[in-house]
Number of protein chains: 2
Amino acid sequence: MSETELPEARADAEVETESQLDRDDRLRPEFVQAVLDAVEAGDTETARALVEPLHPADVADLFELTPHEERAALAHAVADLLDADVFAEMNDYVREDLLDALEPHEVADIASELDTDDAVAIIEDLDAAEQREVLRALDPDDRAAIEEALSYPEESAGRLMQRELIAVPEHWTVGDAIDYLRGHEELTTDFWEIFVVDRRHHPVGTCALSWILRTPREIAMADVMKREQTLIPVDMDQEEVALRFQKYALISAAVVDDSGRLVGMITVDDIVHIIQQEAGEDVLRLSGAGEGDINEPIRFTVRTRLTWLLINLPTAMLAAFVISFFDGEIAAFALLASLMGVVSGMGGNAGTQTLAVVVRAIATNQLTSSNTSRMIVREFRIAATNGVTLGLLIGIGSLIIWHRADLAVVFGLAILFNNLVAGLAGVLVPVTLDRFDIDPAVSSSVFVTMFTDSMGFLSFLGLAALFGVHGTG
Amino acid sequence: MSETELPEARADAEVETESQLDRDDRLRPEFVQAVLDAVEAGDTETARALVEPLHPADVADLFELTPHEERAALAHAVADLLDADVFAEMNDYVREDLLDALEPHEVADIASELDTDDAVAIIEDLDAAEQREVLRALDPDDRAAIEEALSYPEESAGRLMQRELIAVPEHWTVGDAIDYLRGHEELTTDFWEIFVVDRRHHPVGTCALSWILRTPREIAMADVMKREQTLIPVDMDQEEVALRFQKYALISAAVVDDSGRLVGMITVDDIVHIIQQEAGEDVLRLSGAGEGDINEPIRFTVRTRLTWLLINLPTAMLAAFVISFFDGEIAAFALLASLMGVVSGMGGNAGTQTLAVVVRAIATNQLTSSNTSRMIVREFRIAATNGVTLGLLIGIGSLIIWHRADLAVVFGLAILFNNLVAGLAGVLVPVTLDRFDIDPAVSSSVFVTMFTDSMGFLSFLGLAALFGVHGTG
């Protein structure tokens with residue numbers, strides 16, 4: 001009876017879910033509003049009924065879409081639906097917001113339901129006093145696992161890994177492994193590969209579950225497993241881990257300590273967030289927007305962005321200083337002041353193009369010292385082609401508008417020259433920073449803009465002075 | 001005997017591999033050079049010995065790092081090491097380069113070794129005539145599968161999916177499923193979950209292999225499987241597919257056609273490339289660098305970038321036009337021409353910060369109509385705080401330098417005003433474009449720059465004219 005009823009109930013839930021999400025799989029604004037209205041009206045019943053059918057990832061989204069000041073009330077209304085999975089899916093800042101409202105033992109309850117990696121993600125953001133209290137409320141095994149994870153650097157493999165994994169000795173057969181899995185209730189169910197270890201607990205091979213299912217019971221694990229493995233050192237940076245997963249198309253990977261012992265496992269579902277985050281970070285860093293997290297408290301955002309604007313101020317002043325050398329020319333022929341911005345602006349655009357390409361190529365390991373010189377030549381050729389085309393176009397255009405051959409030549413040449421500056425600076429700045437182990441995404445654009453602005457004004461106004469371009473010409 | 005020898009041979013190979021890769025897992029330039037030197041010297045033996053221990057992903061990298069004109073010779077030297085996996089890992093343009101040098105039946109041989117998704121990736125880039133020839137050389141089953149995949153739009157789930165998957169009827173037990181897997185040699189080994197289907201071949205549930213291994217043989221699949229599934233429509237865009245995988249932490253997902261029939265499977269290892277690519281695309285699109293692929297033929301790159309620069313030219317000219325209204329003021333007081341660029345430049349930087357954050361938030365489904373108004377208020381507050389701070393700082397600074405209260409007030413106010421313009425344009429432009437289903441990453445920055453440039457010059461020069469700031473003041 002319950003067998004036949006279950007699918008129908010599910011089908012209903014699915015239809016409901018459909019109406020909560022738009023075609024891009026985002027919560028509909030009307031749905032969010034309905035939940036918040038119910039919460040505000042004190043109608044907990046309705047709020048719970050609306051939220052219950054949601055996937056944990058959507059419940060997490062709901063909290064992110066709820067204004068800061070209404071989150072506590074929402075959390076109170078749907079408290080029993082706030083399980084560990086919801087917290088694992090939630091934005092760091094929003095989670096912190098909610099965790100602040102909970103008692104340490106409640107946080108400990110949530111953490112103990114999670115795999116180590118997710119528990120660590122929740123606990124690492126708490127302040128030191130709260131962390132101690134939560135850890136004290138955990139049972140000793142969980143506590144030891146989480147404390148060990150917290151001992152590794154932030155954003156390292158040690159923080160990402162879960163300690164729940166399946167490792168079997170090399171002399172076992174496939175049948176032994178299956179019996180072990182069937183016979184031990186307490187083992188994790190969240191694994192895609194089994195690690196084969198030697199007597200010192202060093203991984204010697206990896207075995208996908210599909211191979212185990214396709215192989216007769218009597219075959220030795222050592223004959224089924226793949227011996228070429230990608231082992232992740234426990235202190236490896238998460239960005240590097242993400243690149244390995246991507247390059248070698250991994251589903252999971254063994255994490256080893258300094259002595260080569262298997263200490264944990266990282267699975268690809270924890271990596272996709274990082275891949276997305278690290279790849280998307282470049283645009284935020286290049287523009288000086290820091291983390292760019294829209295849930296970050298406003299004072300942090302202001303601090304990050306203001307710092308960046310202040311760093312850029314000297315660059316802008318340098319350009320102004322360059323212009324001030326040509327006061328006389330500008331006073332005599334104010335049109336120069338109108339047009340000089342076109343030269344610096346077009347150079348800035350071209351520099352940004354090259355910079356974006358080079359920064360991405362460095363981040364994805366496509367640009368290495370093997371092909372740097374080829375890249376420089378390539379960008380120079382592109383800059384020369386674009387510079388000549390734009391220079392001719394702008395020169396001819398200005399000849400038509402102002403009937404001034406001297407102005408046209410100066411304008412066109414300055415555009416060409418600044419395109420070359422932009423192309424070279426766009427490659428050389430990030431490549432040089434990378435050589436000195438400075439993240440090129442963070443600091444390149446200040447320097448590139450400095451070059452394109454200053455050289456743009458200098459070339460245009462300098463050539464105008466040289467050719468004696470002035471109002472009475 | 002061979003049992004004991006194998007691990008040692010492997011160990012040697014691993015040591016060698018270590019010396020070929022640097023600590024960031026990139027091929028060392030000396031190694032690349034050694035291979036190319038051997039190829040040039042006609043020493044095929046050495047070249048093969050060097051390349052043989054490499055992982056297919058590293059062989060693919062080697063070709064990417066090799067200059068265009070030396071790739072054919074390298075391919076010739078290591079021809080037997082160029083298997084299907086290497087091609088699957090290779091950059092599109094580099095692969096096209098190599099495939100052009102191969103006969104259609106050789107391409108067909110490679111394609112037939114691959115899962116549908118990888119075979120499609122190779123064949124979709126060939127021109128129509130070559131495609132026909134390769135398809136003709138394939139065996140009928142492979143050919144039908146690939147032709148069907150090619151019938152789906154580019155970058156859709158239909159192109160990404162593989163047709164090799166495991167689907168079992170709902171009335172089977174776990175034991176039935178295991179026997180089926182053991183008994184059928186021809187089934188794929190590349191799967192992580194089993195799909196359970198009803199009589200019409202519609203997916204009704206998904207079952208992770210770990211659950212099957214943990215469950216007694218006599219239990220029904222219907223009782224082990226998870227009924228809540230994320231089904232991917234065959235025509236869904238790959239970016240959307242990637243977001244689903246990420247949101248719901250999927251390892252694999254069933255692809256269904258219009259009638260709901262199971263037609264294929266997408267696995268997460270094919271998705272990580274897309275997640276990385278889509279997330280990294282924003283910086284390239286915002287800067288008008290197109291795909292930003294460093295292996296793209298230079299003429300395509302020039303076309304993309306030049307188009308973008310030409311689109312930006314009217315913006316630059318508009319700003320010049322705004323300045324030209326103030327010819328008189330500038331001629332009378334050339335310092336204005338030096339300083340006006342600081343106002344537009346600082347506004348441009350602030351606008352880019354906001355734009356980067358908003359574009360990422362839209363791309364990751366974090367900014368929806370539920371929280372747009374909150375985002376606008378947030379960005380306005382940030383812009384106001386930064387604008388007041390910078391305006392005061394710059395006003396006081398210029399008072400100290402030029403001892404001119406009127407100039408200081410005008411400069412500071414213009415900075416404040418342009419920061420507000422930047423903050424508002426940085427949100428409103430991308431949000432509006434997104435409403436009209438235009439990719440905000442592609443076109444936002446032209447408009448934002450237009451606002452910050454024009455309004456920057458207008459506010460500074462306009463205020464200067466209004467306050468009568470001139471050289472003799």
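Backbone N, Cα and C atoms are what each Cβ position is placed from, and that goes for glycine too.
As recorded in TrEMBL:
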- A:225-283: domain 'CBS' (DOMAIN)
- A:1-26: region 'Disordered' (REGION)
- A:306-326: transmembrane segment (TRANSMEM)
- A:332-359: transmembrane segment (TRANSMEM)
- A:380-402: transmembrane segment (TRANSMEM)
- A:408-433: transmembrane segment (TRANSMEM)
- A:445-469: transmembrane segment (TRANSMEM)
- Task: Take the domain 'CBS' (A:225-283) and average the pLDDT across it for me.
- Result: 91
- Query: Between the transmembrane segment (A:306-326) and the transmembrane segment (A:408-433), are there three or more C-beta pairs closer than 8 Å, counting only pairs 6 or more apart along the chain?
  - Reply: no
- Positions on the same chain near the transmembrane segment (A:332-359), where near means CB under 8 A and six or more residues out: 282, 286, 319, 323, 326, 367, 375, 379, 382-383, 386-387, 390, 394, 398, 402, 407, 411, 414-415, 418-419, 421-423, 425-427, 429-431, 440-441, 444-445, 448-449, 451-453, 455-457, 459-461, 464, 469-471
- Query: Taking DSSP states H, G and I as helix and E and B as strand, how many residues of the domain 'CBS' (A:225-283) are helix, strand and coil?
  - Reply: 26 helix, 15 strand, 18 coil
